[in-house]
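Have a look at the structure below, then the notes.
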Amino acid sequence: MEEVCHPKLEGFEPESIFNFYKLYYCTLSENSTIFIPLTVCIFLGCMYLLGSTADEYLSNALESIAKNLKISETISAITLLALGNGAPDIFASFSAAGSSEGIYLSLSSSMGGVLFIIAIVTSIVIFTAGDNQVTTDKSVFYRNILFLITAILLLLFSGVIRRRIDLATCALLIFIYIVYIAFVVVHDNKEEAMKAKRAWMFNELKETSFKKMNRSEFLNLMDDENAYFQNINPSGEISGTSSVIYEGEEIKPEEMLHFSIESANGSNNHKQNGNMDKLVDGLKETAWANAKHVVFQNNTTNASKYKSMSFIEFLASYIPLRRMTIPMTKREEWNRNLDSCTPFMSVLFFLLVSGLFNPFSPIQIIILSSALCVSVIIRFNTYASEPPGSPVPGMMIFQAFIMSIVWIWTLANIVVDLITIYGDILGVSPSILAATLLAIGNCVGDAMASFSIAKKGYGGMAMMGCFACPLFNFLIGLSLSSSRLLLFAPEDPNESLLTRSIKFDLLSSKATVVLFGALTILCILALFIILVPRNKFKFSSKQAIVRLSAYGCFILGLVYLLFT
């Protein structure tokens, strides 16, 4: 048995490929002046790579899988693409749950992430879109809020009443998300049917002689067909948040040319009819402007792309290790020199990071030799300008999916190990660091995406994503973390899997951060339920300030725990 250089290392097994405990306690002799700056750079780099790997590689692979399997957009959005967006949070939680104590670290990260999104990110969306400019559908609002509340209450029931987590709890978490998917699909089908009806109605409306239609007839048509506009104010100006579907293009009311309809009883028909024509012309021009915007936005040159890169992004683009292990999933991303390396490099990388690499193993020699032959064949039997096969070979898509998971898992393990050792060095509970540093780091990508969506005028979409994403991360992350403990770290290994359970006590001192976070989430969700309906389902800056204050109270509570 290898002699340990420090008592802290006795029985310690790092989650990541690097033993940071050995580096700190043995190699650097507990010199935190050197260790912390060095590892902070590693931590920040890993956090960036976590987000970019999920965004640039895993999400693309999952999107390609959804297209190849012909999965509907709704199902893929709330399953596969949700996994792509939430992978850093889920795998960080899964990695943290390496022991019965780790479940509290895992949940601290989840609670911190949910809090940051529903308090900070939603406020960013409101301030970006403007006061009272973000509205939501009533049924969608209540659906997302109530499912999130249900998930938190289940956690409290398991940790306060039962004080155990078993296989039935894990299954129930998955079942809740399946029910959520069912609700989303049903609502989406209704919306699609309504859009088709609206498109048909507008085509009928275009061909109608407006000169024969007065103001009251027009408004009746709008009302009878559950029309495009939620509100038409007394001056006849379009307002509200509903959209018009024109030749397959969705046009928001705030983008339309405003028009006015005279309120006189049939008088001034000429002006009224002219305004009707302006409406149709405005819709046509707006559709064309939007189409041009989409075309030019999607055909940005590589030069402008690199001009907008940050230094870290620029540096990462010139470190080909990740690209040499994850193949492309889109034809335009084909690079023969890099993609031909992926069969050999992905196998070698997997063996190294999993700790299985043995250069003297006959089986590994055969596997690596075969992978090398495949790489050579791809390099010298493909064109530089296009990938083999049309569309992209399914094997490359599957390989991209697997290797993206391997990268995210490896990076998440490094981040969790660093959070743990920082807690030991600084004398801070790792749960506090997980609920703040790790959670915020994992959510920065979501915050930037929501900011970008809201800036383009889709505040409602960004706001609803702030509820759907945390729900997926929490339910799936907790289920996977608990399942890992039940399978690999049970209290009684001889007990049947179906009857196994792990201790989970939210009233213990180790779970203070988790309990405090869960209660704060419930308070913020209650504020949503109280304030948003009162404001006609519009999100205001005053509501945002209240949520920010609630998050500030959470941080102050953590500071209090830190010093007590």
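Using N, Cα and C of the backbone, Cβ positions are placed for all residues, glycine too.
All TrEMBL annotations are machine predictions without curation.
Here is what TrEMBL says about this protein:
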DOMAIN    42-185  domain 'Sodium/calcium exchanger membrane region'
DOMAIN    398-558  domain 'Sodium/calcium exchanger membrane region'
TRANSMEM  34-54  transmembrane segment
TRANSMEM  103-129  transmembrane segment
TRANSMEM  141-161  transmembrane segment
TRANSMEM  167-186  transmembrane segment
TRANSMEM  338-357  transmembrane segment
TRANSMEM  363-380  transmembrane segment
TRANSMEM  392-412  transmembrane segment
TRANSMEM  432-454  transmembrane segment
TRANSMEM  466-487  transmembrane segment
TRANSMEM  507-532  transmembrane segment
TRANSMEM  544-563  transmembrane segment
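For the transmembrane segment (34-54), same-chain residues at least 6 beyond its ends with a Cβ under 8 Å from one of its own Cβ atoms are 20, 23-24, 28, 84-85, 87-88, 92, 312-313, 316, 322, 326, 404, 407-408, 411-412, 414-415, 418, 421-422, 425, 441-442, 444-445. Two recorded stretches are said to be in contact when at least 3 C-beta pairs lie under 8 angstroms, sequence spacing 6 or more; the transmembrane segment (544-563) and the transmembrane segment (103-129) meet this definition. Highest Cβ pair count under 8 Å relative to the transmembrane segment (167-186), across stretches 103-129, 141-161, 466-487, 507-532: 466-487. Within the chain carrying the transmembrane segment (141-161), a Cβ under 8 angstroms from the stretch's Cβ atoms is held by residues 107, 114, 118, 169, 172-173, 176, 180, 183-184, 187, 464, 467-468, 470-471, 474-475, 478, 504-507, 511, 514-515, 518, 521-522, 525, 528-529, 532, 537, all 6 or more beyond its ends. Packing against the transmembrane segment (363-380) from elsewhere in the chain are residues 336-337, 339-348, 351, 356-357, 388: each is 6 or more residues past its ends and has a CB under 8 Å from a CB in it. The largest share of C-beta pairs under 8 angstroms with the transmembrane segment (466-487) comes from 103-129, of the ranges 103-129, 338-357, 392-412.
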